[in-house]
Amino acid sequence: MIDLLAAMLASLTDPVLLGLSFAGVVLGLVFGALPGVSSTMALAVVLPFTYGMETPAAMMLMLAVFFASVYAGSVSAILLNIPGTPGAMFTLLDGHAMARKGQAAQAMAYALIASILGGVVGWVLLVALAPVIAAYALNFGSPEYAAVVFFGLALVAYASSGDTLRGLAAGVIGLLVGVVGRDKVTDVPRFTFGTADLQGGIDIIPLAIGVFGIAEALNMLSRRQDAATAVPASSGPTWPSWRALMPELPTVLRSSAIGTFVGAIPAAGSAVAVALAYAVEKRLSKRPETFGTGLPRGVVAPEAANNACVGGALIPMMTLGIPGDSITAVLIGVLLLHGLRPGPGLFESQPDLILTIYAALFVAIVLTALVAATLGISVYRRILAIPHRLLLSAVLVLCVLGAFSVRNATVDVWVAIFFGGVGFAFLRLGIPVLPLAFGAVLGPLLEDNLRRTLMIHGDPWVFFERPISLVLVVVSLAVLLVPTVTSAILNLRRERQ
């Protein structure tokens, strides 16, 4: 602990390291708030600037961009109903609803507080429990990975606004989207319709831009909402009182623990964590029907889990050399670039670097809190004053540019436009679009691990023979079936009465 405090003090007193962390936070806040620009893309943009840096300096910059961009994804989710990062997909459900009620600044304050507290909890668990959680995650084989993905899909179907059946149907459509392209085993093209541009599959970023950005813009335009109706100016105090915050602290702790644990599972990612955290709070609530209508707890839960995932994702990266998500895969690239291979040996050969990484994340959390609280919210609130049609025009331009910038390919623009139309149709029919994007993200992961399981074991009953996968499958089925069965029973009772 003394060594850790010394490393943190060195980071806070070194002007170069502190300046790099501050620059990373500012860049992360900007990149993360832009629709279609993910945390991974932000790190990829910053990566070339680390080539000539020492390893501690590079990690200070990259971790600052990492944490700040994860928080900033909530900004566009709240103001524009477009998640800036995948982990903000559930924040928009209640965050944007609060914005429509004239509580945008309050929603952003709840998001910032939950993000910082979630980040701190994730950091504490990273420092204290890294070897234990990483060892547990190492026990996951293909059956467990497949069960985790199925569990995530079940959660998103349940947690999305609307009934579970419609959410499940949208998720299945997303799974079908995820299999577009050449089969990795047989090399047979699937759902490409003879188009060479679809041979490599559909990239998730243009799809997400379409269903969240273009679809929402079209939906707002079709209703001819003015700026005051779409996102009214905020009224009342920006920061919640202690009396309002205290009931949310258990949610922060639960969601942060979920985010850290799920983040420590390689490839699970923040999308699964926020879905699980949101579903848990909805299940524990005495009034679950209020979720999705502008409930602060619906903002606090996913944001705490989302930012706790940062610390969680670093656990397998540092102790096993396995990326917890796509972002830590970039961080592994930074370490390899500097001649270091993350893993158990790093704790013995480079203990000072481990302490520097801990300190870098803590400094990033503190600076994100300071910068976002003093500058971020006041600056972001000015977006509310932009005329409605000008704002929508800017959103559509950003969506098109964001889709094209993924691979500099026109096909990605057409994909975004196509799924914008699909998302618009879903919104008008009352079908949630979130499971569609979620299914497309997790579809390839589910297929790969399901195939690998069947090729190795040859029997689907293996899912019920291994304790972890058995628990996950049973809980997933319960999540899907219990609400439907309960609703059917209640309807029968009403009819009899």
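Backbone N, Cα and C define each Cβ position, glycine as well.
As recorded in TrEMBL:
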type     : residues : note
DOMAIN   : 19-436   : domain 'DUF112'
TRANSMEM : 61-82    : transmembrane segment
TRANSMEM : 108-138  : transmembrane segment
TRANSMEM : 145-161  : transmembrane segment
TRANSMEM : 257-280  : transmembrane segment
TRANSMEM : 322-341  : transmembrane segment
TRANSMEM : 353-378  : transmembrane segment
TRANSMEM : 390-407  : transmembrane segment
TRANSMEM : 413-446  : transmembrane segment
TRANSMEM : 467-490  : transmembrane segment
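For the transmembrane segment (353-378), the most Cβ-contacting stretch among 61-82, 413-446, 467-490 is 61-82 (pairs under 8 Å). Just going by CB pairs under 8 A, the stretch in 61-82, 257-280, 467-490 that sits most against the transmembrane segment (413-446) is 257-280. As a whole-number mean, the pLDDT of the domain 'DUF112' (19-436) in this prediction is 79.
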